[in-house]
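Okay, structure first, notes after.
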Amino acid sequence: MKKNIEPCYYGDYLQLDKILGAQDLQSEKYGDGAHEEMLFIIVHQVYELWFKQVLHELNAVIDTFNQEAVKDQQLTQVVHRLQRIIQIQKLMNDQIAIMETMTPQQFLSFRDYLVPASGFQSIQFKRLEISLGLKREFRIDFDKQSFYNRLTDKDRALLENLENKPSLFELVDKWLSRMPLLKTEDFDFWQYYKDAADEMLKDDHHTVSTSDMLSDTEKRQEIKDLQATMENFDALFNETQFEKLRGEGKFRLSHNALLSALFIKQYSEEPIFNLPFQLITALTEIDEQLTIWRYRHAMMVQRMLGTKIGTGGSSGHHYLKKTTESNRIYLDFFNMATFLLPKSALPDLPESVRRRLGFYLQ
């Protein structure tokens, strides 16, 4: 690194004149200055700064996966950057508590001056969602079209262009799909797994059927739920059935990618799987933190507005609550716990399989 040729002054370097002069209160324009509007603006500006940093990290991760091979050193850097995103998300979630120091009455003192501006017009947040993998076809109905109609032509074009680029979800799916399905002449992991899973599910069925703690109605419901679980297990070994369930929205990962991710989680203690497991865990936590952010945001809006519509014309709390439930990205990684078996039920990996996996995971 070269030394600075010219002296660098703190305020100039951070362009504080621009940043600290960017709080233009709408309420003051109408001679009705609201003290709390300053807090409202600063909190949202800080969110946008953090979104910019998250996108900086996320785009670097996407660039890494958008190549033919990802080496261990690169994967280490990817995991580090994803973990940084998680820490930023936690900070953003905590920041909601600062907004909650404003009372509903204080918010109403300037709210009407903001129409039709709305948080769902945050282009950086939408870029973040799309880049992670929440593209239009996976959104709730309001977001699929109505949202885009409320943007400027420039912002709409930017997001529509991003929709056509590979997301991190798609790239990770492709990376996971490169792993072999662990079937050789002397070792068939998935046959071991299927036999162990069948035995486990039979035991579960027997436990429910013979339980003295459950009523007949409860038993019927438990067995119905168990049958749904069995259907999902069966789909692991039947790609046609898997694609049918995938078309119904029960899975989003491709068949090969899901099997690879499941294998990595089953053998997460193996040194060769350490980084892939950390990657899957980090993506799971990013989705979790995003869900927490949406939920806390929805609760804050309900606290401030009740059932009023939002400034952008959405249904306010109802809209935000629905996005919390529906706009999940890496849900397959959460649901994978359904398919995990006890270590005692799994075979040891032959050395030949370890070597083969080492080649495909790079």
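Note: Cβ is positioned from N, Cα and C throughout, glycine not excepted.
Keep in mind the model is a prediction, meaning the values are calculated, not measured.
A helical conformation is recorded for R111 (substrate binding site) in the three-state DSSP classification. R111 (substrate binding site): 20 other CB atoms within 10 A of its CB, across all protein chains. The substrate binding site feature in Swiss-Prot is assigned to F40, I41, I42, V43, H44, R111, T311.
Look at Swiss-Prot and you will find H297 tagged as heme binding site. DSSP classifies H297 (heme binding site) as helix under the three-state reduction. Remark: H297 (heme binding site) has I96, G119, L320 as non-local neighbours, by Cβ distance under 8 Å and separation of at least 6 in sequence.
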Local Cβ density at F40 (substrate binding site) - other Cβ atoms counted within 10 Å: 21
Close in space, distant in sequence - H44 (substrate binding site), Cβ under 8 Å, 6 or more apart: G119
